[in-house]
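*Asks:* What follows is a structure written as structure tokens; I'll ask about it next.
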Amino acid sequence: MFFRISTVFVVALAAFAAASPAPWGAPPPTTTTHPPVTTTVTVTAPATTTTIPASQCNTGDAQCCNSVQSATAPAVTSLLGLLGIVLEDINVLVGLSCDPISVIGVGGGANCVQQPVCCENNNFNGLINIGCTPINIFL
């Protein structure tokens, strides 16, 4: 008699354990996925990178960037990947952490301690500017 009760108890306990998928008090797991967002940017690079006067910056605003690197640099490719930006031409310069500078106030109003560049209107809130060309703000 004791053997039958023990067997029924063990079978019932195993069935109960198999029927409860989540730990006590934990909500069932939910998985939400969002489709990836990809931004494609077309930038044409100059044949050679030359320094141009700030007054000739006609492809966009003059920017003062903390860093200007090739699009193939590891830090730049990581950032482009995180932002979902795909470049069609990887032979371009990319400005990182850029702020607009005033070309009108050459001298005092155009202070840029880092790298002054002219970019092709492909900026992402100053975090990254694509298609940059170095400029000389003192010409």
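From the backbone N, Cα and C atoms, a Cβ is placed for every residue, glycine too.
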*Asks:* Which residue in the list Cys112, Cys132 does Swiss-Prot annotate as forming a disulfide bond with Cys119?
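*Replies:* Swiss-Prot annotates a disulfide bond between Cys119 and Cys132.
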*Asks:* Just choose from Cys112, Cys118 the cysteine that Swiss-Prot connects to Cys64 via a disulfide.
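*Replies:* Looking through Cys112, Cys118, the record in Swiss-Prot gives Cys112 as the partner of Cys64.
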*Asks:* In Swiss-Prot, Cys118 is disulphide-linked to which residue out of Cys57, Cys65?
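*Replies:* If we follow Swiss-Prot, the cysteine bonded to Cys118 turns out to be Cys57.
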*Asks:* If you measure C-alpha to C-alpha, which of Cys64, Cys65, Cys98, Cys112, Cys119 (disulfide-bonded residues) come within 10 angstroms of Cys57 (disulfide bond)?
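*Replies:* Of everything listed, what lies within 10 Å of Cys57 (disulfide bond) (Cα to Cα) is Cys119.
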*Asks:* Which one is it: of the disulfide-bonded residues Cys65, Cys98, Cys112, Cys132, whose Cα lies the shortest distance from the Cα of Cys118 (disulfide bond)?
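*Replies:* Checked the disulfide-bonded residues Cys65, Cys98, Cys112, Cys132; minimum Cα distance to Cys118 (disulfide bond) goes to Cys132.
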